[in-house]
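Among the features that Swiss-Prot reports, N-acetylalanine is placed at Ala2. Under the heading N6-acetyllysine, Swiss-Prot lists Lys5, Lys14, Lys57, Lys118, Lys224, Lys232, Lys243, Lys318 (among others). What Swiss-Prot records for 29-57, Asn138 is NAD(+) binding site. What Swiss-Prot records for Lys57 is SUMO2 cross-link, and it gives similarity to another entry as the kind of evidence. The substrate binding site annotation in Swiss-Prot covers Arg106, Asn138, Arg169, Thr248. Annotation comment: Swiss-Prot describes Lys118 (among others) as N6-succinyllysine, evidence class similarity to another entry. Summarising the annotation, Swiss-Prot assigns active site, proton acceptor to His193. Residues or ranges marked as phosphotyrosine by Swiss-Prot: Tyr239. The phosphothreonine feature in Swiss-Prot is assigned to Thr309 (among others).
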Amino acid sequence: MATLKDQLIQNLLKEEHVPQNKITIVGVGAVGMACAISILMKDLADEVALVDVMEDKLKGEMMDLQHGSLFLRTPKIVSGKDYNVTANSRLVIITAGARQQEGESRLNLVQRNVNIFKFIIPNIVKYSPNCKLLVVSNPVDILTYVAWKISGFPKNRVIGSGCNLDSARFRYLMGERLGVHPLSCHGWILGEHGDSSVPVWSGVNVAGVSLKNLHPELGTDADKEQWKAVHKQVVDSAYEVIKLKGYTSWAIGLSVADLAESIMKNLRRVHPISTMIKGLYGIKEDVFLSVPCILGQNGISDVVKVTLTHEEEACLKKSADTLWGIQKELQF
């Protein structure tokens with residue numbers, strides 16, 4: 001007796017389903033799910049896989065997204081605790097990690113996350129040996145180094161979300177001050193994602209007009225308009241959002257989808273993201289920091305050589321020394 005499906009549909013060929021544009025997200029917390037919805041709404045993948053250790057939450061998030069399939073153009077959304085669901089991914093985004101406990105030192109948090117990465121990374125490598133790794137978990141620069149060391153991947157394929165969001169926050173705040181859309185406000189925040197990031201004031205411009213040329217005090221303590229406060233707001237903004245709602249999610253999710261788009265579509269756009277910076281700016285250690293990188297289908301193919309002031313370069317070097325101080329203590 002023919003089934004309803006057989007009566008309705010005549011099959012013409014036996015297909016083997018191998019995804020061409022698969023994206024995996026590891027960790028289905030607030031950040032992971034914000035990445036997932038942002039990626040789904042940009043139609044970047046033909047399959048999205050979610051992985052986590054919390055099975056009920058994982059299944060619930062998967063089902064909730066699947067129920068929105070009519071409104072999306074991603075035909076397959078899967079999940080599992082077992083990494084076999086991640087097979088054949090082009091891009092794997094890692095948002096999983098331990099949350100900082102009150103009073104916990106950053107070094108202790110890092111070591112806890114290293115232990116988590118020691119489980120995650122080999123599983124990803126096993127099922128998607130040719131993927132790009134995009135690390136979002138904090139502290140992102142150190143964990144990108146950890147992912148690079150554990151994976152054995154070439155450095156172009158291990159990317160940290162870095163200062164992509166810091167720079168976006170900066171451009172938003174700059175736009176608010178000037179009454180101009182952030183897309184038309186240009187400015188770069190480089191270095192370590194977080195407290196010691198470096199705003200490159202010399203490059204801040206609208207329509208190619210340098211703000212520093214118009215207003216030489218820009219970004220200095222002598223500045224009557226206190227533009228330096230804009231960078232301080234960028235540094236403090238995550239803490240403020242966490243204090244108000246408990247975590248950050250939407251902006252980082254959108255920022256990650258922006259990076260995913262450059263990779264999946266081979267756009268070769270320039271982003272301030274974390275890459276192995278050894279050999280640049282007099283840095284001699286294996287540290288990952290954000291510099292402007294050309295991002296495409298092979299990950300980071302090139303970096304843009306930014307002209308920094310002596311102070312800016314010194315800040316970058318200081319960040320590198322701090323990171324190396326932590327990295328050399330890590331137990332793999």
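Just so you know, glycine gets a Cβ as well, placed from its N, Cα and C.
Considering only the binding-site residues Met33, Ala45, Val53, Lys57, Asn138, the residue whose Cα is spatially closest to the Cα of Lys232 (N6-acetyllysine) is Asn138.
On a Cα basis, Tyr239 (phosphotyrosine) lies 20 Å away from Met33 (NAD(+) binding site). With a cut-off of 8 Å between CB atoms and residues at least 6 apart in sequence, the same chain places Ala30, Val31, Ala238, Val241, Ile242 near Thr248 (substrate binding site), listed in sequence order. Rounded to a whole value, the Cα-Cα separation of Lys243 (N6-acetyllysine) and Asn138 (substrate binding site) is 17 Å. When the alpha carbons of Lys14 (N6-acetyllysine) and Ala49 (NAD(+) binding site) are compared, the span between them is 24 angstrom. Counting only same-chain residues six or more apart in sequence, the Cβ atoms lying under 8 angstroms from the Cβ of Lys118 (N6-succinyllysine) belong to Ile150, Phe332. Rounded to a whole number, the distance between the Cα atoms of Asn138 (substrate binding site) and His193 (active site, proton acceptor) is 9 Å.
Closest to Ala2 (N-acetylalanine) in space, going by CA atoms and restricting to the binding-site residues Gly29, Ile37, Ala49, Lys57, is Ala49.
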